[in-house]
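Copied over from Swiss-Prot:
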- LYS20: active site (ACT_SITE)
- ASP148: active site (ACT_SITE)
- PRO106, MET107, GLY108, GLY109, GLY110, LEU111, GLY112, GLY113, GLY114, SER115, SER116: ATP binding site (BINDING)
Amino acid sequence: MTTANQPICPSPAKWPSPAKLNLFLYITGQRADGYHQLQTLFQFLDYGDQLTIEPRDDNQIRLLTPIAGVENEQNLIVRAAKMLQKHPGNTPVPRGADISIDKCLPMGGGLGGGSSNAATVLVALNLLWQCGLTDEQLADLGLTLGADVPVFVRGHAAFAEGIGEKLQPAEPVEKWYLVIHPGVNIPTPIIFSDPELKRNTPIRPLAALLSTPYANDCEPIARKRFREVEQALSWLLEYAPSRLTGTGACVFAEFDTESSARQVLSIAPEWLHGFVARGVNVSPLHRVRSGKKLKAVSADNDLQRYVRSK
């Protein structure tokens, strides 16, 4: 069992909230409650949102940077903080926080932004409030917020089954990726409710999955229903192996070197917005928690400008 780390507060209280990619994603069934069962391989990126979290000596949870179109009380950031605040294992002392977010990841992009935000709040406030919960306990809390939250809490690349909550640590090759947002957001229910979605891919052992070309069962639906996704993938596939992440809308191409990825980004059409990042098997959030410094990532890129303009 993972034990809770000693409090280490990044200065000045800034916490990474990294993106993830689904390197492959197969839908193997659907439960009676409507949730889809899957097999997927998660890997983090050294790129994402950034949260600034300042503890308060009262019970107020304040999100200082509201996200357009999302009520604060429904935001996973606030919900995660309040859930931890009310955890029965916590001592009854005033705990609050002021939280702001530098939003770089698009909503409805398949990069896990909301789930990552929730996980960062749980991990950071567990330390700042000195709750002493283990990663397993935090992951269990996170699962009630979303199926992808536990992998961000645990902080290691993983092979996932079930609805995404059954995690097995994995070590995929840490390649470079060009991630493209095609200018459309895709709510997950649109893909999962499509009657043509393939829901019966045979369950296979991890070794078999790793030895065959990767694919995403959601990709045909996204390409069919969203012209922008079809166009983005068609363009990317001219340069490198490419596919959808999650339920979209972002697509990605893999490269062996950063320079190769940046060269393709430099010739992308104006209607595509993207960034280059390294795939990493240890989450930047957990590297910060353990006191390690992160490699500086460009504070400004095309996708950040696009997201901030919305």
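Just so you know, glycine gets a Cβ as well, placed from its N, Cα and C.
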May I have the list of same-chain residues other than PRO106, MET107, GLY108, GLY109, GLY110, LEU111, GLY112, GLY113, GLY114, SER115, SER116 whose Cβ is within 8 Å of the Cβ centroid of the recorded ATP site, in sequence order?
ALA19, LEU105, GLY246
Have a look at the binding-site residues (GLY108, GLY114) and report the one with the fewest Cβ neighbours inside 10 Å.
GLY108
Distance between PRO106 (ATP binding site) and LYS20 (active site) at the Cα atoms, whole Å?
12
Hey, of the binding-site residues listed (PRO106, GLY112), which one tops the CB count within 10 A?
GLY112
Give the three-state DSSP assignment (helix, strand or coil) for LYS20 (active site).
strand
Rounded to the nearest angstrom, how far is the Cα of GLY114 (ATP binding site) from the Cα of ASP148 (active site)?
9
Which residues does LYS20 (active site) neighbour through Cβ under 8 Å, counting only same-chain ones at least six apart?
PHE42, GLN43, PHE44, LEU45, LEU111, GLY112, SER116, ASP148, VAL151, PHE152, THR245
Same chain, 6+ residues apart, C-beta under 8 Å of the C-beta of GLY110 (ATP binding site), given in sequence order:
ASN22, ILE186, LEU244, THR245, GLY246, THR247, GLY248, ALA249, CYS250
